[in-house]
Amino acid sequence: MGSEATEQSSERSQWVLNSPNPPPLTKKLFGPLKNSNNFFFSSSSSKKETRSRRAVSFLASLFPILSWFRTYSATKFKDDLLSGLTLASLSIPQSIGYANLAKLDPQYGLYTSVIPPVIYALMGSSREIAIGPVAVVSMLLSSLVPKVVDPDAHPNDYRNLVFTVTLFAGIFQTAFGVLRLGFLVDFLSHAALVGFMAGAAIVIGLQQLKGLLGLTHFTTKTDAVAVLKSVYASLHQQITSSEKWSPLNFVIGCSFLIFLLTARFIGRRNKKLFWLPAIAPLLSVILSTLIVFLSKADKHGVNIIKHVQGGLNPSSVHKLQLKGPHVGQAAKIGLISAIIALTEAIAVGRSFANIKGYHLDGNKEMLAMGCMNIAGSLTSCYVSTGSFSRTAVNFSAGCQTAVSNIVMAVTVLLCLEFFTRLLYYTPMAILASIILSALPGLIDIGEAYHIWKVDKFDFLACLGAFFGVLFVSVEIGLLIAVSISFAKILLQSIRPGVEILGRIPTTEAYCDVIQYPMAITTPGILVIRISSGSLCFANAGFVRERILKWVEDEEQDNIEEAAKGRLQAIIIDMTDLTNVDTSGILALEELHKRLLSRGVELAMVNPRWVVIHKLKVANFVDKIGKERIFLTVAEAVDACLSSRFVNTA
């Protein structure tokens with residue numbers, strides 16, 4: 001039986017040694033590009049497929065609406081119609097408010113709620129997501145673009161630069177989708193996004209004090225300290241100077257803010273009244289406009305919107321600034337906006353897709369978002385994405401498909417065509433109230449506490465993003481968050497887990513002796529696992545020195561307790577190791593030499609195919625001996641105990 005077991009172990013060792021060669025470097029680098037056809041064509045498509053069928057497959061993949069619209073029914077349209085109208089009642093006032101936040105005229109927010117939602121309905125795969133301007137992206141633009149062009153001194157140039165930024169954002173998003181570069185969005189981790197959103201919400205809220213208090217002089221900075229100083233200075237100046245300041249702005253704004261928050265609270269407590277917080281902003285606009293018009297409050301210091309340009313989205317092709325000194329800045333802002341917009345949209349889309357039980361393809365979503373922003377940049381829109389608050393309303397209203405976005409877009413278009421003149425007397429304070437009422441949804445204290453409990457390093461990234469956005473600037477907050485996330489990855493790379501393993505009683509499993517105190521170590525044998533994806537230049541020295549330190553400690557213990565016997569072998573479990581570079585191989589060679597000088601043998605267990613291939617090419621396998629490669633730790637330990645490889649030195 002012993003001879004038969006030895007033969008079987010040797011045969012299994014050959015399985016490890018004779019693993020197929022890994023794919024070449026060119027395939028790793030350019031594989032995603034070569035496989036991009038699968039983005040549009042089904043992987044099961046036959047080569048004999050006719051051109052017409054491939055064209056149909058291409059169009060169905062590019063425009064998902066062609067697939068599901070064939071089964072679309074009148075019942076679904078009724079649900080989508082109700083959802084779309086409910087969505088429009090929330091979208092119209094929010095779009096005007098977010099345009100004001102982005103330092104654009106009100107109509108540009110409405111334009112952004114027309115073209116992009118229609119494009120997404122044709123190309124997107126989410127059934128619930130509501131497309132349009134959002135608070136975070138609007139704040140992002142209002143904090144970054146004014147550093148390039150002053151919106152007060154050069155409003156037309158500022159607007160044109162925003163359109164150019166939108167074009168670049170769309171181009172980047174499209175490229176991410178086609179080239180399958182969605183992993184770039186993941187550099188902004190979930191924890192960092194939670195902190196960023198919370199910090200951005202507070203900054204947005206502070207900026208709304210301008211409209212809520214009716215201030216005329218305000219800072220262009222976005223950090224909390226500068227905004228609060230500006231509020232105090234502006235308020236003091238307007239009160240003490242001859243310039244008239246009216247408290248009516250504050251009264252109107254706070255009154256409707258209380259109404260909006262109350263409606264939000266009722267809607268959350270009673271799901272059947274989901275429509276109340278959805279329609280409350282539109283009711284607030286209508287009521288406040290009537291109050292100002294009938295009381296002529298605008299003549300008593302209440303700031304109003306005044307003229308809102310109506311009609312269809314005008315072309316903005318000739319307004320794009322693709323030449324000149326600001327193209328590089330526009331591309332940089334476009335990249336930041338693209339990543340933030342995609343991160344928010346995909347997070348929103350996937351959360352509701354999970355509820356409904358269907359899969360959302362991130363790469364196709366990126367393509368749809370990119371195309372809608374490119375189209376938007378050509379039709380006087382700024383960067384749009386999926387809104388969590390409006391998506392929640394759309395979901396609660398019972399939407400069935402993306403047709404609800406089309407219904408919303410048509411409703412907003414009708415508003416642009418026929419009702420913009422009615423917005424003349426809408427007070428600016430009501431726009432601030434609408435934005436403020438939407439901000440609590442961006443601050444997730446419960447999730448931040450959950451991050452703290454689960455991973456303190458992630459919580460540090462969350463705090464970095466939060467305080468960076470709140471007290472410095474948006475880009476610094478993002479930079480801090482991404483830097484902390486990279487530091488976490490780097491720390492895990494240069495200090496990987498290196499564990500001593502022992503056998504769990506009554507099993508053949510070998511586990512970490514610290515995690516499992518009942519695990520039994522074998523006298524004279526030290527079993528070590530490298531818990532890292534890669535043994536590379538960053539961590540090879542650390543791993544080598546850690547193992548040698550354990551060897552020294554083991555030998556010292558054996559001197560003190562002679563009964564244990566001399567350390568005979570080191571067995572390295574490489575199951576978790578997926579790659580090794582030349583520095584890692586050199587570290588293994590040096591480790592082998594130093595162990596041999598101490599009379600200790602080295603064996604390896606289950607190196608992955610990339611690892612064993614490189615070790616064979618580097619002749620390391622020949623140096624330690626092929627008989628020292630094993631499939632399992634148990635086989636390596638048994639071989640050591642039977643002196644099968646210890647005596648071959």
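A Cβ is built for glycine as well, from the same backbone N, Cα and C atoms used for every other residue.
Annotated compositional bias 'Polar residues' per TrEMBL: 1-19, in sequence order.
TrEMBL lists 1-24 with the feature region 'Disordered'.
Taken from TrEMBL, the feature transmembrane segment covers 55-75 (among others).
Annotated transmembrane segment per TrEMBL: 108-123 (among others), in sequence order.
Long-range neighbours of the transmembrane segment (129-149) within the same chain, counting only residues 6 or more positions beyond its ends whose Cβ lies under 8 Å from a Cβ of the stretch, are 87, 91, 94-95, 98-99, 101-103, 109, 112-113, 116-117, 120, 157-158, 161-162, 165, 196-197, 200-201, 203-204, 207, 220, 222, 326, 329-330, 333, 336-337, 340-341, 344-345, 348-349, 352, 372, 382-387, 390-391, 393-394, 402, 404-405, 408, 435, 438-439, 442, 473-475. Under the heading transmembrane segment, TrEMBL lists 129-149 (among others).
Annotated transmembrane segment per TrEMBL: 161-181 (among others), in sequence order.
The transmembrane segment annotation in TrEMBL covers 187-206 (among others).
Residues annotated as transmembrane segment in TrEMBL: 248-267 (among others). Under 8 Å from some Cβ of the transmembrane segment (248-267) lie the Cβ atoms of residues 211-214, 273-278, 280-281, 284, 287-288, 291-292, 297, 300-303, 427-430, 432-434, 436-437, 440, all in the same chain and six or more residues away from its ends.
Residues or ranges marked as transmembrane segment by TrEMBL: 273-294 (among others). Counting residues 6+ beyond its ends, the transmembrane segment (273-294) has Cβ neighbours under 8 Å at 86-87, 89-90, 92-94, 96, 252, 256, 259-260, 263-264, 266-267, 302, 304, 393, 396-397, 422-423, 425-427, 429-430, 433-434, 437 in the same chain.
Among the features that TrEMBL reports, transmembrane segment is placed at 366-385 (among others).
Per TrEMBL, the feature transmembrane segment maps to 391-415 (among others).
Sequence-distant neighbours of the transmembrane segment (422-443) (same chain, 6+ residues past either end, Cβ-Cβ under 8 Å): 93-94, 96-98, 100-101, 106, 135-136, 197-198, 200-202, 204-205, 208-212, 214, 249-250, 252-254, 256-257, 260-261, 264, 280-281, 284-285, 288-289, 292-293, 297-298, 302-308, 388-389, 392. The annotation transmembrane segment is assigned in TrEMBL to 422-443 (among others).
A Cβ distance under 8 Å defines the sequence-distant neighbours of the transmembrane segment (463-487), meaning residues of its chain 6+ beyond its ends; these are 139-140, 143-144, 187-189, 191-196, 198-200, 202-203, 221-225, 336, 340, 457. Taken from TrEMBL, the feature transmembrane segment applies to 463-487 (among others).
The annotation domain 'STAS' is assigned in TrEMBL to 532-640. Using DSSP to sort the residues of the domain 'STAS' (532-640) gives these counts of helix, strand and coil: 65 helix, 16 strand, 28 coil.
Only pairs six or more apart in sequence are counted, and the transmembrane segment (391-415) with the transmembrane segment (161-181) gives fewer than three Cβ pairs under 8 Å, not enough to call it a contact. Stretch with the largest number of CB pairs closer than 8 A to the transmembrane segment (108-123), among 161-181, 187-206, 366-385: 366-385. Model confidence over the domain 'STAS' (532-640) is summarised by a mean pLDDT of 88.
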